[in-house]
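Taken verbatim from TrEMBL:
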- C:R339: substrate binding site (BINDING)
- C:9-314: domain 'Aminotransferase class V' (DOMAIN)
- C:K194: N6-(pyridoxal phosphate)lysine (MOD_RES)
Protein chains: 4
Amino acid sequence: MSRHFLQIPGPTNVPDSVLRAMSAPTIDHRGPEFAALGLEVLRDIRPVFGTEGPVVIYPASGTGAWEAALVNTLSPGDKVLCFETGHFATLWQEMAGKLGLDVEFVPGDWRRGADPEAVLRHLSADTGHTIKAVCVVHNETSTGVTSRVPAVRAAIDAAGHPALLLVDTISSLGSIDYRHDEWGVDVTVAGSQKGLMLPPGLSFNAVSDKALHASRTAGLAKSFWDWAPILAANERGFFPYTPATNLLYGLREALRLLYDEGLDAVFERHIRHAEATRAAVRGWGLEVLCADEREHSAALTAVIVPDGYDADKIRAIILDRFDMSLGSGLGRLAGRVFRIGHLGDFNDLTLAGTLAGVQMGLTLAGVPIDPRGLNDALERLQTP
Amino acid sequence: MSRHFLQIPGPTNVPDSVLRAMSAPTIDHRGPEFAALGLEVLRDIRPVFGTEGPVVIYPASGTGAWEAALVNTLSPGDKVLCFETGHFATLWQEMAGKLGLDVEFVPGDWRRGADPEAVLRHLSADTGHTIKAVCVVHNETSTGVTSRVPAVRAAIDAAGHPALLLVDTISSLGSIDYRHDEWGVDVTVAGSQKGLMLPPGLSFNAVSDKALHASRTAGLAKSFWDWAPILAANERGFFPYTPATNLLYGLREALRLLYDEGLDAVFERHIRHAEATRAAVRGWGLEVLCADEREHSAALTAVIVPDGYDADKIRAIILDRFDMSLGSGLGRLAGRVFRIGHLGDFNDLTLAGTLAGVQMGLTLAGVPIDPRGLNDALERLQTP
Amino acid sequence: MSRHFLQIPGPTNVPDSVLRAMSAPTIDHRGPEFAALGLEVLRDIRPVFGTEGPVVIYPASGTGAWEAALVNTLSPGDKVLCFETGHFATLWQEMAGKLGLDVEFVPGDWRRGADPEAVLRHLSADTGHTIKAVCVVHNETSTGVTSRVPAVRAAIDAAGHPALLLVDTISSLGSIDYRHDEWGVDVTVAGSQKGLMLPPGLSFNAVSDKALHASRTAGLAKSFWDWAPILAANERGFFPYTPATNLLYGLREALRLLYDEGLDAVFERHIRHAEATRAAVRGWGLEVLCADEREHSAALTAVIVPDGYDADKIRAIILDRFDMSLGSGLGRLAGRVFRIGHLGDFNDLTLAGTLAGVQMGLTLAGVPIDPRGLNDALERLQTP
Amino acid sequence: MSRHFLQIPGPTNVPDSVLRAMSAPTIDHRGPEFAALGLEVLRDIRPVFGTEGPVVIYPASGTGAWEAALVNTLSPGDKVLCFETGHFATLWQEMAGKLGLDVEFVPGDWRRGADPEAVLRHLSADTGHTIKAVCVVHNETSTGVTSRVPAVRAAIDAAGHPALLLVDTISSLGSIDYRHDEWGVDVTVAGSQKGLMLPPGLSFNAVSDKALHASRTAGLAKSFWDWAPILAANERGFFPYTPATNLLYGLREALRLLYDEGLDAVFERHIRHAEATRAAVRGWGLEVLCADEREHSAALTAVIVPDGYDADKIRAIILDRFDMSLGSGLGRLAGRVFRIGHLGDFNDLTLAGTLAGVQMGLTLAGVPIDPRGLNDALERLQTP
């Protein structure tokens, strides 16, 4: 009975009004009504990326936009610099390898973001400019760590290196402050099902002039992901092949919700909820996975389970008894952490219910915790 | 952002699948597809009333079903015995007066249910059998007190009195165990927007043979509410005038949800949530309005606000800061209590979020409470 | 497969956006968000009635608003003048009788509207002003005949008679030009499920000052239907008992659709569709039931089936083979006519499909028709 | 007012129940509820393809599935044999070229399907088996011509050639009889937004054992489209990256609708509607584009506009006056044809309305036609 608590770090809870918007009849994607819709969403998607440039919208889920960022800008054998910040960073560099790129993967402990000093070090050493792109996951969905993109940008600049900066914002866009133009990002990769509060099925590439320039000579084979025909058709609000019309209806409504609340207010809300969540975790006497205070994610919190307890069993109890889904530990974190998503369409009382469910689940699983953790969270929530 | 917490004691949160069912296209109310729908809901509505007899469905909200119960069974000047259990009992007897009935209204303190001993006393004294009906509100929505209908029935029987027993279950049906046939109720009045988890717009009369018999000679003027043509048309699944088709779609789905969960499980769930709520209230150091342990409502809890505090100000803070609606004090309770609805489509974590919101709101309003109240509720919720 | 053709004269096809609007979560009917909704629809409903006065909205279907019009304005034994224009006029006067009124029912042949000359004759003869109300069905849903309300008004005025004028617009409001204030109507009765394009479940009384004045002394018993507490609560956007919130969401959207198209354009569209339908009927060589050219309904057309054919069998063939519902002959017209609804959310091609279905059904039923009927309709539709 | 007539050959009209199914809340794509959904749709999608083998479901629109078919089975420089049957066949071979394949494009006149004799000729001549795949568009959406896939298969077999057979069924699947296994197709490409009656956003590859075998050594770079990790995850009902959950809800409902009607009945319905449409076109005195009686599409009909008339102006009149979208002439057919989609969720009366709209539009555009065309179509529709 009653609504499931979908507290994985995405897909997130889709607002009712977005679901309703998506249930409007599909229209002719070559007719004037569609053109108006297309022009509207292509214009209104830009502020959430912090860009005045073009944003390519794919009728595909986020992984596709990873591929699009690579195949549009790079050539076979190009070297890319990646950082092992977690499971998704690992998958992205694997994809780069499969597509024929030469990946330099800087190891990490899955508790920290991409290290700006490592960026500086690698790029400074690359005097021949063989590195063509630096790939950073802004918010690591597997760890709850947010890399400091402005510092990465500064490191690239300090090295005087021409590499492109490709950033994955799949689980941060619309939840955590992000500035494609100001931070000098070349391709921003995003998806619909997290901060944008849509079901999965749309993904995005925000594209800088430099990336656009690179795309003209990039040699990786591409057709579906090719920016050029899309950007050409977008001029009049159309797409070169059938777009995901009903998700675009939802996108229009989701953007309206975000801008009605105000992006700054949205980001503040996420920070507040993340702080309340960490207050609960620490109040319980448990440890947050993210090891650097500067890098706590505002979108999700990964919680380390004490030795001797299985995070997946705790999650199973919580799902069974309280009908709440939490994120599992992925890759090397399997069984050792669970992840609480607190992003997207979310409010204080739903967070309180979420944390109450975690507290009860930990108790039922026998994990020794201090039940005052929840009240610590409420104290944070009582402050605006 | 995110879903409003609608924690008034009705209308309640409507399940998504009920809202979706209601959004199907309206059909011909005189065609074969409708007949099948009509027969199905007229059959399946019976178990929730605990009856094998007919249930009349009105395309009208609950107040209409109050009127229907009276005009179908009584004649101008008939005496009816009513009990001042709260605001809605008061309104119902006012309606009886407006319709030309002679009301004997047994006073009460709004903290207790209809007193079976008073029933016995009044009926025993009425040797001439001038009292034609006893009207009881099963669950007083304004106070969170559930009258003991079986005891009322026993009192009528003990008095050997032929009066009809009319019971309002508007805020109990589908949430609190109820047995029209077993308890010898003659007319049960109900509405769609509480335990049945529908929007407002449907209301019901479950009708005993004795009530049906009375209706044949009842002299109050009636047309819209007249059972006879409705029951005649219902034989084939139809209605004598246009039914509220889309709400009937919703009713079909809501009944499916109730029976899938199982009525006993539904009632147990409501009891558990009511117990957890009282645990929180008492943990905070506050008082529950209901004064008789045998009469605590499983559907809502009315909380007395300490002297010097205004319940409506607390509600306003909670609405403003945490986007939750609570019930106000009605009539003579205005400003002195607030009411927490925990009925209908509801689950443990939503209750936890609700109680967290109340706790934070009380704190922000300066009411001195012990914050361990919420944890007391969680302890109750941890037990199945 | 595909959408059913619901071409009965109501309930009509509900626009998708209205169904979507209705599927929003139910809100607190005593909270500020509801007050804003209430004030909005109570204001915006007025233009479609052609009134600047109050419109009472009931959470009940149209038959209830018939009862409301009578019980608010009349006293037991009051004489009312009614006209036998068809099945629904017959039902309304039956209701008046059941409620204790003294009905004078002017006979009719079910092919014409209320006769203004008869109005003049009866009222002129009633020198003692014992007739308290004249009841007219604006658009007889059973016959497709639209009474000339301004001429009825003129007849009342010519007789210098103080009787109230009560008009049923259940199947005309929002489809056929109607002017409560300008025509001097005292109570206009309407429902949600025809020209207002909503599911059934709301009904209306537009109320003149004179009717309001009458209501203060009207002696029929009333409670649910009583205007006084409703109008009082409406001042702040509320209702005295639970309103049908989700239908009010739909009403807001339906009014938006009507005013976006423009009421004049809506009425013109209905006239065009009615003309095209009559062109088809006459082209087929069949007869329209309405016998007076001044009284053809713009909302539906009743078609007389030639002797020897059963209208219900034709309807059954059309339902079975082409998934289209048509209206049956009601009362004394059973089996002799079928009715084509062309009102509400409707457009040229849906009408063409409707008429094609009727033509094919007549052919399959063996009714001798000229198949050029459909093309005659298209010729009308080709003209704006 | 009223529903738009979306009579382009896809996206098609989405059934209400599919739209409602899609508006259910998104669930955890790694949880047990999703696994059940995944296993169900992965199993139930097979019959519509006529296969007992795996069907890969992409969260992407149909063009992506074209790319997937190529990159999973072929290596850079591989030769593929394509047939110029129309606009989409032209686009697919262009994509093949972009992806690094060597395309042999057999010219055509856009009025006929892929020529089995040409298949035989080219493959027989290719004694060195340099041709690795034959690509055929089953139903050319731009021309309304259905290639005879069994004859193509027979030609490949007659040539004793090992080339893979890749078939695009984007606008035929679920509308026109198709048998992946029986016809020996290796990869069948499909999309959600035509005969499957969903919004765009899902696409499919049905995969033969031979194709699966080829995929193990295929050298084109791939990651997002790679079958291997998808098929592995599908074993337990999951996907390697976020699936388009809400479209999968819709797919489940759409498959239910198709199987409830019965695939044979669905195909018969499409044939009947296509025959009725051709009867209208010929009755008007116009020419159908498809030049081979064996190859008429059951999903759409392309109509040649007489010299001196502009098909796009006719379409604009029809859109403006009758709110109906028709398909434009694509590529070399621009302005010379319009296309009537009669596929997906469609019924007799909607087709009648559609053809009435075309007839009126042609008349208004001044195209000389015989108005008996519509009646010719109705004669066909009167026969089951």
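Positions of Cβ are set from backbone N, Cα and C atoms, glycine also.
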Least Cβ-crowded entry, counting other Cβ within 10 Å, from the recorded positions listed as C:K194, C:R339: C:R339
DSSP three-state assignment for C:R339 (substrate binding site): strand
Overall pLDDT for the domain 'Aminotransferase class V' (C:9-314), taken as the rounded mean: 98
Between C:R339 (substrate binding site) and the residue listed as 'N6-(pyridoxal phosphate)lysine': CA-CA distance (Å): 14
Helix, strand or coil at C:K194 (N6-(pyridoxal phosphate)lysine) [DSSP, three-state]: coil
